[in-house]
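Trainee: Got these off TrEMBL a minute ago, pasting:
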BINDING   His144, His205, His278, His491  Fe cation binding site
Amino acid sequence: MASRVEHPAAGYRKIFETVEELNEPIPAKITGVIPSWLGGSLLRMGPGLFEVGDEPFHHLFDGQALMHKFDLKNGQVTYYRKFFTYFRGIEVTDNCVVNVYPIGEDFYAVTETNYITKVDPDSLETLKKVDLCKYLSVNGVTAHPHTDTDGTVYNIGNCFGKNMSLAYNIVKIPPAQKDKSDPIEKSEVVVQLPSSERLKPSYMHSFGMTDNYFVFVEQPVKINLLKFLSAWSIRGATYMDCFESNDSMGTWFHLTTRDPAGYLSSHKFRTSAFNLFHHINAYEDEGFIVVDLCTWKGHDFVYNYLYLANLKEEWEEVKKAAMRAPQPEVRRYVLPLDIHREEQGKNLVSLPYTTATAVLHSDGTIWLEPEVLFSGPRQAFEFPQINYSLCRGKKYSFAYGLGLNHFIPDRIVKLNVQTKETWVWQEEECYPSEPLFVPTPGATEEDDGVLLSIVVKPGAERPGFLLVLDAMKLTELARAEVNTIIPVTFHGMYKP
Ligand SMILES: CCCCCCCCCCCCCCCC(=O)OC/C=C(C)/C=C/C=C(C)/C=C/C1=C(C)CCCC1(C)C
Ligand SMILES: [Fe+2]
């Protein structure tokens, strides 16, 4: 799957440039055939304003949030986008640039702090700002919650308690309420995991959930709380100034049951250092927990390589900078549930289909070594998606992702996590986004459905398009092109 595509024209710069919002939805020109059952809205979040006046924002995650919507209805497609409006006087950022997801019957645009923004998914209007601290003991939650079949939302967040007691809290927000009250009012902390280091909790971006377990990976990228507490009051300081690496802890896995008692496994699962942003999936199999992850090797923080000045360099410079950054790898880790002291020194993983190992050491720690599912030099499989409604927390075959070539998104990839076979969609001078999987109604196969991605093709007459791919073969079914560039988007959802 390693990409040999080069980008000497540096067309990727266009996805990091400011655009105007639209006054009304604009029609798209459709080529190909959009499946007749595909009617709904693709909602996505990303930065859209990369400077204020003459003052540029410096980091990829700093641009002001822009919400995008492609509406698909009766074979027609329209595109709309709107900037967010913010309340002044907030000390921690509420720039909901990362994702949008439902809670009950409402939709929220989010970053990773305690502020989430309720939006109208039709008009893209900002409805209200919600401070999660009013309901939960958390200082923020990730932009990657899990949602159960009944609509219950689970998430994980840092908690900086009284006397600097640190914990990672798993929170639960119930589904839509019969009495129409706001489910957030009934949210609660269900499990608390201790931090390995006093004063320095790890940064987290997502977590794993199986039918019966939560999986939390404590990575060596740390939040320096003293810097965090002062950053918001120092002019010019940003949340990027709060991060630092721990070069000795490696990476710790924590496992806890989902039942109300929230039993935390006392076993110390350890492995070498990596950065982790995205869990792909996790599941239980024959007494083991299988955890598939998009990792970046080492403790050096990947976000340090995502400054706009670097991403907007000439292609040769972009490549040089990526050579110095942590290297990506899709990995499978396997955690044994049943551990006996007399099994010291042996590999405890007996699943026949994986080479991942877990070895019990004399100090009681269990050292994990992964099976590599995909690896290519400076070629990341990132922004992973699965057939979530069918495979969340279950044994599965297919993951879909955005291919990053030296951090530049230039292809869409399908990965069979069992056979390691890959499929690629790629087109000259095209810059796609995270592919969202939408299942065909009544499908019986895991990969029977479509992938939706927003693609930017800078030189084209209509430089932005919604791409519809057949998820089985990764071939193009249709594209809906609009007469505007669409800046980079991180995450989003399909609302049928
Ligand atoms: C789509 C293509 C992008 C092009 C380049 C991307 C390269 C990506 C390589 C690695 C993958 C990283 C994925 C990250 C995806 C993403 O959506 O990131 C956005 C993250 C943001 C905006 C994070 C914001 C975090 C904040 C505001 C944290 C605040 C906090 C602290 C600093 C300490 C206390 C806790 C709290 C409040 C969470
Ligand atoms: Fe993410």
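Using N, Cα and C of the backbone, Cβ positions are placed for all residues, glycine too.
TrEMBL does not curate its annotations; it predicts them automatically.
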Trainee: Counting only residues 6+ away in sequence within the same chain, which have a CB under 8 Å from the CB of His144 (Fe cation binding site)?
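Mentor: Asn99, Asn155, His205, Ser206, Phe207, His278, His279, His491 - these are the non-local Cβ neighbours of His144 (Fe cation binding site), listed in sequence order.
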Trainee: Cβ within 8 angstroms of the Cβ centroid of His144, His205, His278, His491: which residues besides those meet this for the Fe cation site?
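Mentor: Other same-chain residues near the Fe cation site: Val98, Asn99, Thr142, Ala143, Ser206, Phe277, His279, Phe383.
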Trainee: Taking the Cβ of His278 (Fe cation binding site) as the centre, how many other Cβ atoms fall within a 10 Å radius?
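Mentor: Step by step: centre on the Cβ of His278 (Fe cation binding site), count other Cβ atoms within 10 Å, giving 20.
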Trainee: At 10 angstroms around each C-beta, which of the binding-site residues His205, His491 has the fewest other C-beta atoms nearby?
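Mentor: Comparing Cβ neighbour counts within 10 Å for the binding-site residues His205, His491 gives His205.
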